[in-house]
Amino acid sequence: MEGFLRFLVAKAIMLALASSFISCYDPSPLQDFCVAVDDANGVFVNGKFCKDPNYVKAEDFFTSGLNIPGNTINRVGSNVTNVNVDKIPGLNTLGVSLVRIDFAPGGQNPPHTHPRATEILVLVEGTLLVGFVSSNQDNNRLFSKVLYPGDVFVFPIGMIHFQVNIGRTYAVAFAGLGSQNPGTITIADAVFGSKPLIMPEILAKAFQLDVNVVKFLEARFSSKY
């Protein structure tokens with residue numbers, strides 16, 4: 001009997017240790033980087049500081065205006081209205097945010113990625129062609145679909161994805177994202193409009209383009225227009 005009890009105790013300890021190992025992990029980052037400093041005055045946190053609960057009010061969990069169409073008069077013909085922790089402070093630490101996306105006819109939300117969030121999109125008005133490209137390990141496969149009002153599509157975290165209005169009328173979609181600050185990297189802007197610019201010779205070889213074409217693209221994307 002004593003030997004059996006020892007066995008049960010050892011088993012319980014092993015399970016506890018295994019459980020502690022499984023549950024120990026670093027939290028997902030909520031900004032692009034967080035550089036360690038020894039200076040106590042340089043205080044930044046992964047996310048935002050928390051308000052004293054005694055001073056929290058309903059307004060901290062509220063915003064309005066998503067019924068108002070965004071301005072789509074721009075170079076891509078779309079507008080993204082963000083509802084993140086900067087708009088609703090109560091989203092802090094809750095791991096979710098929302099966007100409204102308006103599209104002019106022919107407008108697009110160009111290829112981009114969210115480094116910190118999966119996106120789930122529902123189309124309310126219009127017709128969209130949407131899709132994402134998988135990673136190199138999956139041979140960069142394109143997963144694409146035409147959406148109509150009421151259709152839903154998911155873009156996995158970190159995947160390059162896009163939405164294009166292929167209809168003749170304006171389109172409106174709403175999307176939920178699995179982070180209070182999902183981040184957005186628009187591929188063309190990041191590659192051809194970085195600050196400072198990437199050496200044209202590097203991009204010319206990477207994209208198999210003439211270096212003068214790269215210089216033209218960098219001039220285009222690094223200027224405000």
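Just so you know, glycine gets a Cβ as well, placed from its N, Cα and C.
Residues or ranges marked as signal peptide by TrEMBL: 1-20.
Feature annotation from TrEMBL assigns disulfide bond to C34-C50.
Summarising the annotation, TrEMBL assigns domain 'Cupin type-1' to 64-215.
Under the heading oxalate binding site, TrEMBL lists N109, H114, E119. N109 (oxalate binding site): 26 other CB atoms within 10 A of its CB, across all protein chains.
Annotation source TrEMBL lists Mn(2+) binding site at H112, H114, E119, H161. Of all Cβ atoms in the shown protein chains, 24 besides its own fall within 10 Å of the Cβ of H114 (oxalate binding site).
Of the listed recorded positions, namely C50, H112, E119, the sparsest Cβ surroundings within 10 Å are found at C50. For the pair H114 (oxalate binding site) and H161 (Mn(2+) binding site), the C-alpha distance works out to 9 angstrom.
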